Amino acid sequence: MIRKWGVFTILVVGFFFLNATTFSSLGVALHKMSEELGWSFSEAGLSFTVLGLAVGLTSFLPSILLKFIGPRATFCIGFFIISVGFFLAASAIQIWLFFIALTLIGMGFSLAGNVTAVWLIGGWFPDTTPKMIGLYLMLGGIGDIAGPSVAHYTMDLVGWSQHWLIMGGIAFFLCALAFLVIRELNITKPSENRGRANEGVSEIAALKNGFKVPAFWLIASVITLNLASVTTIHSVAVGHLESLGIGPSLAAASLGFMAFVSLVTKGVAGSLCERFTTRHMMAASIAVHALGLCLFSIASSPMVLIIASILFGAGWGIVVVATMVLLVEMFGNQLGAQLLGGCHQISSIAAFAPFAAGVTADKLGTFAPILLLCAFGLFVLAIGSEFLLKNMYSISK
């Protein structure tokens, strides 16, 4: 009993640290570094793309390593690589060296992130997997809120180089702590037998079969478009809302509010998936997410912006949980975690969405078309989820 909660705690703390020190606070760090090192806006902005691609393109690694070296070693190697990346960032006075550091951090993020966590949570909490995944995402997601402020005050006190050194030290400590705390289960859990479609075949064959299932590609598309819309909103929100007459302070506050709503809904989404059919939850949340995008594209008043932020944040949060739970329900704990890694690798193309939004604004003078295009794609996926996944459920149960 104590052991499984120790494993869950280290997963949550690790995910909190990953969220706090990477995407959410990178903009704060880049602002400080660019001022001191003379980096251009384009060079600094490219850092987000490098980190995003590093995470996405290495998402296949956990699927391989989990089977051969186990989740504890995979998690620990991930945080060791992250610590090396942070130590390298501390001395990165040239942009190309910082890109290498971000590549290492992104690779470590993949190894120590959601794929490994879902594997371990499914093994230690087989009867409450959806609820625990939601709780893991909610608690770890607090790092998105705390990260920017922590980075700002740390860099004000000790500078950007010392900030990265401190983060590297914490990452190394988490690596050592995880080695002591995480234990692996040698028994087969009931969750492993949920996916019936792959019974009687080898693990490699089952993974190949999983990639051939249309439902996998639908879920991967949902994850990709969800990520694309979130990164686009974060990159264009201030400029887009300013063009609609909303001040920058309110625009920035709306992003924080979206993150808060997403955080809360992640916490309850797991329980909702236990009470209602997960595919219905995913389809409904995709539609809510899309509606929030539509309203955000025309949010010329604070009231519309608040409603858009609630819908967008709620849809965003539930989609993240529902896609993970659905993969576990359809394919089992271990195969589902491996397929989640495949989904994350495919979703790396979402890193180019903010660039596409910028090109659209340069050509048309507004970000609205790209937001509406994302919304349309999400509505199509919501409908597809209801029809395609219905047949897949009958196979996997």
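Every residue gets a Cβ built from N, Cα and C, even glycine.
Because the structure is a prediction, the values reported are computed rather than measured.
Features reported for this protein in TrEMBL:
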- 7-393: domain 'Major facilitator superfamily (MFS) profile' (DOMAIN)
- 45-66: transmembrane segment (TRANSMEM)
- 73-90: transmembrane segment (TRANSMEM)
- 96-121: transmembrane segment (TRANSMEM)
- 133-151: transmembrane segment (TRANSMEM)
- 163-182: transmembrane segment (TRANSMEM)
- 215-237: transmembrane segment (TRANSMEM)
- 249-269: transmembrane segment (TRANSMEM)
- 281-299: transmembrane segment (TRANSMEM)
- 305-327: transmembrane segment (TRANSMEM)
- 339-361: transmembrane segment (TRANSMEM)
- 367-389: transmembrane segment (TRANSMEM)
At a threshold of under 8 Å on Cβ distances, which of 96-121, 163-182, 281-299, 339-361, 367-389 pairs most often with the transmembrane segment (133-151)?
96-121
Thinking of Cβ pairs under 8 Å, which stretch from 45-66, 73-90, 249-269, 339-361, 367-389 has the most of them with the transmembrane segment (215-237)?
339-361
For the transmembrane segment (339-361), I need the partner stretch with the highest count of C-beta pairs below 8 angstroms, choosing only from 73-90, 96-121, 163-182, 281-299.
96-121
When you look at the transmembrane segment (45-66) alongside the transmembrane segment (305-327), do they share 3+ Cβ pairs under 8 Å, ignoring any pair fewer than 6 residues apart in sequence?
no
Mean pLDDT, the domain 'Major facilitator superfamily (MFS) profile' (7-393)?
85
At a threshold of under 8 Å on Cβ distances, which of 96-121, 249-269, 281-299 pairs most often with the transmembrane segment (45-66)?
96-121
For the transmembrane segment (249-269), give me same-chain residues lying six or more residues beyond its boundaries with a C-beta closer than 8 angstroms to one of its C-beta atoms, as numbers and ranges.
134-135, 137-139, 141-142, 144-145, 233-234, 237-238, 241-242, 281, 285, 302, 305-306, 308-310, 312-314, 316-318, 320-322
Intrachain residues whose Cβ lies under 8 Å of the transmembrane segment (281-299), provided they are six or more past its termini:
222, 226, 229, 233, 240-241, 244, 246, 269, 272-273, 305, 307-319, 322-323, 326, 367-368, 371-372, 374-376, 378-379, 381-383, 385-386, 389
